[in-house]
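Since the structure comes first, as structure tokens, the remarks are kept for the end.
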């Protein structure tokens, strides 16, 4: 194979960036699953919604309001868009999801799926299917020399920011008092409530937090990927495979699996580009044959 | 004669006269409902009677459609072309079902659903990549060929053949549900641990149910390929897998006629709403939310539930039809 070292590293870096998004999304899924026991099929739509909100804030809102020069700063959008999406998610949790907790998981799955359809359909109706996008902030434009190659600064930023958020989340859940409550809620919510913790509020906030992680991923992804109503759904299919491989039992596990599969996908692009879109699914099939319970598994 | 069979005969009787009143209802529409209705029945066999939710059913519908279509394009003129292509399509779907089901039953609950979803993406990818599937174009202008000397290119002949195929498929599903095998499936659905303790190899039964469901979905897909002479990527897409969940949920999970009614409503809705374009997805999503939140038994399920309640109030023995009158079992799982 005559592949230059540069090309190899470039694909690996692209894989790493993809892996960061997988990690953020599967971590959110794992957090939500831990406490709510549902698989959040709306995750992709929420990812997409945050990207759209950021795009609207950065490029559209000025003309809409009649001040063509007005636009929301990228950094503000990075906080605001995930917050809006999280708020929206928490409303859904309070009004719809909450009613289904006593039923089979299947109903939560179907409900979140329905919400995702409504969101995707609404955005497609409003904005069409063509890709949109926005530029990263000026400070992150241009390339940076990372030793072996030149990389756009923004991509480096995405990797660093994602890893920081992942480790922050892990720290929050595994090393703080609040995290202890959350893990206790996963183990035995009724006992935790008996100790005076307001579990229903905790559940709502946890759902919001998981959704916000998807939102952050969405805002970060928008300058790299095309912002379209289907961007989340397509990504979520892969993230589901990631989650099946890693299992939803541990936050660290979800994160590691996400990063690893991103890298593998990048490698596949070097070796056999046609297969790169399905390599994650194939690995999932193999993993199921070898280790059916998942690498960090906890049965649903 | 059971109630189910009476209703079935009435439906077939009504369907028989459809071609004579084209002004009232369009025969092609009825054929579409029959294809999707059988598809939903196949899905219901898995969700309603085995308690497994699959997001891969489009993969079975589509792979059978592709195989049947591709074979008809090549060998459609042969007198035995149509039955052979049809059978090959069903076999292909069963094979894909065996592969996907065999992997998916290794996990339970929501993992099962996610695995079927992920694996169906591989089928979609293959349909895009292969040359014989026509890639983005799909297969167009598939000849219908002939069956026992009957030329199927006429819509009326095709209509009656479709009706016969549909009736056979529907009765087969009904037979499976009410067989001892079907009883075991329902036992697995209601309490898998207990079924295991009674000595049943539940994984084997789940896999067999999955393969049968995939084969019937493929049967519907082969029918659809011949009726519309067209197979496209939409047939293997997640969108189609979603629709079949909706049809079953709307009509009534775990009822015999629910999926049929659901298919009729969803296909009708699509025809009716075709003009609003992207908003169809929104409407479908809203129906999902309403069904799951307020209406978990589905239309047929709610009807049976009401009737049973009334019968109980009258202190008579409930008039149980062959369908399950209680709430969908997934609720109890």
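Quick reminder: no glycine exception, Cβ is built from N, Cα and C everywhere.
Under the heading transmembrane segment, TrEMBL lists A:12-35, A:47-66, A:72-93, A:105-127, A:154-173, A:194-218, A:238-264, A:271-290.
For the transmembrane segment (A:154-173), the list of distant contacts is 13, 16-17, 20-21, 23-24, 27, 31, 136, 140-141, 144, 146, 179, 182-183, 213, 216-217, 220-221, 223-224, 251-252, 255: same-chain residues at least six beyond its ends, Cβ to Cβ under 8 Å. Through the fold, the transmembrane segment (A:47-66) approaches residues 25, 72, 74, 76-78, 80-82, 84-85, 88, 119-120, 123, 127, 132-134, 214-219, 221-222, 225, 227-233, 235-236 of its own chain, all at least 6 residues removed from its boundaries and within a Cβ separation under 8 Å. Contact between the transmembrane segment (A:12-35) and the transmembrane segment (A:271-290) is absent: fewer than three CB pairs lie under 8 Å, with pairs separated by 6 or more positions in sequence.
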